[in-house]
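*Asks:* According to Swiss-Prot, the protein has these features:
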- 1-28: region 'Disordered' (REGION)
- 7-27: compositional bias 'Acidic residues' (COMPBIAS)
- 38-290: domain 'Protein kinase' (DOMAIN)
- Ile44, Gly45, Arg46, Gly47, Ala48, Phe49, Ser50, Ile51, Val52, Lys67: ATP binding site (BINDING)
- Asp158: active site, proton acceptor (ACT_SITE)
Amino acid sequence: MDRMDSSDEEIDNISDDELQSGDEIEVESSNSPLRLNYILGNEIGRGAFSIVREATSRATGTKVAIKSINTRFIKNKLLMREIEIMKKVGDHPNILKLYEVYETTKHLHLVLELVTGGELFDKIVQRGEYSEQDASKIVRQIVSAVGHLHANGIAHRDLKPQNLLCAGEEGDDIRVADFGLSKIFGDGDYLETCCGSPEYVAPEVLECKPYDKACDLWSVGVITYVLLTGCFPFWDKNNAVLYEKIRNVDYGWPEGLEVSNEAKDLVSHLIEKNPEKRFTFEQCLIHPWVTGEGVSNARKIKPFQQQQPNNR
């Protein structure tokens with residue numbers, strides 16, 4: 001389902017998913033600073049206005065990813081904000097690192113940490129099955145990254161599986177990515193932009209009420225539910241019906257699916273309509289299911305079955 005971007009604040013980002021033909025992104029000339037410092041390799045990804053290539057540092061031999069963005073289509077202020085945020089929080093082990101930025105008249109080249117495992121849920125599907133212990137480890141890393149963002153005055157606002165990358169082939173070393181909708185805020189500040197991906201967005205955002213960083217913890221709750229069940233807690237082909245289910249927190253657990261009480265307890269404190277009652281990242285990090293102490297490791301989860309939850 002498409003992302004929602006509507007408000008008093010114009011939204012754009014540098015992480016578009018779909019390819020558009022037309023304006024190709026030219027690689028800089030051989031004597032450009034970028035080429036002098038990096039050996040460019042194969043294309044490994046492409047967005048509407050960007051190309052990602054694998055590259056190697058001439059100085060250190062380190063493998064990196066270089067994202068080249070055609071700035072003709074991107075609002076410079078928002079792009080600069082995304083870069084500022086990535087520089088500010090990239091010292092966390094579970095946040096995708098931005099090493100350098102090269103700017104020309106037509107393009108921005110972002111030198112990024114190279115992650116080779118792909119998107120989190122694609123990796124899980126490849127594995128075929130996993131345990132609550134595996135899910136707990138993944139959620140623990142996501143919450144740790146979210147905590148680092150919040151401690152630095154940043155709300156991500158678009159946490160979803162597509163923005164969770166695997167650093168390696170095993171799929172258990174997570175990086176939070178895509179800060180195109182992220183926002184810097186101060187203590188006591190509220191946000192107003194209605195944005196995010198519908199299945200993962202908090203009810204206060206849908207209702208266009210002032211909201212804060214607690215919206216990210218709702219998204220963590222939805223991600224956790226999907227990890228545990230293989231389906232969304234809120235789902236309908238009709239957006240209006242979907243939004244109503246989210247506003248009413250109308251969800252249940254699939255019949256016949258064994259989920260530990262500790263896991264259900266965590267989800268219930270994250271998928272909580274009142275943001276003031278919703279768990280903070282600090283509360284999540286000490287929850288028994290997140291620490292691993294209250295995790296059931298007996299049941300193997302088969303991800304992404306076609307079943308839908310038994311909504312109450």
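Any Cβ shown, glycine's included, is placed from N, Cα and C.
As the structure is a computational prediction, the values presented were derived from the model and not from experiment.
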*Asks:* Between Val52 (ATP binding site) and Asp158 (active site, proton acceptor), what C-alpha distance do you get in Å?
*Replies:* 21
*Asks:* Using all protein chains in view, find how many other C-beta atoms are within 10 Å of the C-beta of the residue listed as 'active site, proton acceptor'.
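*Replies:* 26, counting other Cβ atoms within 10 Å of the residue listed as 'active site, proton acceptor'.
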*Asks:* Other than its own, how many Cβ atoms are within 10 Å of the Cβ belonging to Val52 (ATP binding site)?
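*Replies:* Result for Val52 (ATP binding site): 18 neighbouring Cβ atoms inside 10 Å.
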*Asks:* What does the structure give for the C-alpha distance between Ser50 (ATP binding site) and Asp158 (active site, proton acceptor)? Integer Å is fine.
*Replies:* 19
*Asks:* Mind looking up the mean pLDDT for the domain 'Protein kinase' (38-290) in the predicted model?
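*Replies:* It averages 91.
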